[in-house]
Amino acid sequence: MADLQSPKDRITLRNGYGIPCLGFGTWKMPDGEVGIDAVHQALHDGYRHIDTAAAYDNEGTVGKALASGGISREDLFITTKVWNTDRGYDATLKAFEESRAKLHLDYVDLYLIHWPAAQGAEAEWQRTNQETWRALETLYLDGLVRAIGVSNFKPHHLEPLMDAADILPMVDQIELHPGCNQEVTREFCNRHDIVVEAWSPLGSGRVLENQLLIDIAASYGCTVAQLCLRWCLQRRAIPLPKSTDPARIAENARIFWFDITDEDLQRIDELDPLGQSGLDPDTIDF
Ligand code: A2P
């Protein structure tokens, strides 16, 4: 990670495609002017990687902001995700077309399965994930997406999908922040050359009052938010912080001027559970 100097710098996925090392999260970003302004602000501050999803209900806003944002298409990296009600081969292809139309894009950079099917009979949910994955493979081979991956998959969801796959997942986007260090999934992904992305890298703001993080951040002269994002990067994950506040959007992009020592990384790794969303892919009911 020492070579990363700006949000525009890219990490190479297993297929050779580059993904910018910091993304702009849009979960809970409002539709309309507020959202457009936030994306424009992010582009102004050097973000080139925007993460949305069909379920966020703001793909249209992201599309409008990109169309008027003044950044050329090849410099942008846009991710969206297929929602749980659109699992399966045909439904996923249809959902992708809807997302692509809302985003006003010829192609999407990264398409993800938003959550694993994981409820009910094991053979059944494994088949559902495999069928959904087959649709992503088709989109990839047709040139409509540059990379494919999953979100919220643990190793026991990834393994059966990978056993049946022709093209292996390139990314797994998981909840990851101090107090939710996801060691098992990260280790699995590192071993299988799957790049990890961190959603809620600030624990949706819930970790910012932690005293250990406050003390460590003070020792570097950075904010707690910057410390959380830098910790993700140094743990080889791409953070996707969300904000609609211009000063915070800029603050969250300034994470390339300091290095956390190994000792401090470990102190952060060892924090007790903190600020977790409580959303477990094995038990969610949506
Ligand atoms: P806001 O949009 O009002 O700035 P996460 O990305 O972990 O889900 O966190 C997003 C939450 O954290 C949002 O509520 C966002 O609020 C807030 N947030 C984002 N960046 C910062 C920051 N640098 N300092 C404090 N709060 C932040």
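Every residue gets a Cβ built from N, Cα and C, even glycine.
Look at TrEMBL and you will find 22-272 tagged as domain 'NADP-dependent oxidoreductase'.
Residues or ranges marked as active site, proton donor in TrEMBL: TYR56. In the three-state DSSP assignment, the secondary structure recorded for TYR56 (active site, proton donor) is helix. The Cβ of TYR56 (active site, proton donor) has THR26, TRP27, LYS28, MET29 as same-chain neighbours under 8 Å, each 6 or more residues away in sequence.
The feature site 'Lowers pKa of active site Tyr' is assigned by TrEMBL to LYS81. All protein chains included, LYS81 (site 'Lowers pKa of active site Tyr') registers 26 other Cβ atoms within 10 Å of its own Cβ.
Cβ neighbour count for HIS114 (substrate binding site): 20 (other Cβ atoms within 10 Å of its Cβ, all protein chains included). Sequence annotations record features per position, and here TrEMBL assigns substrate binding site to HIS114.
For the domain 'NADP-dependent oxidoreductase' (22-272), the model's average pLDDT works out to 98.
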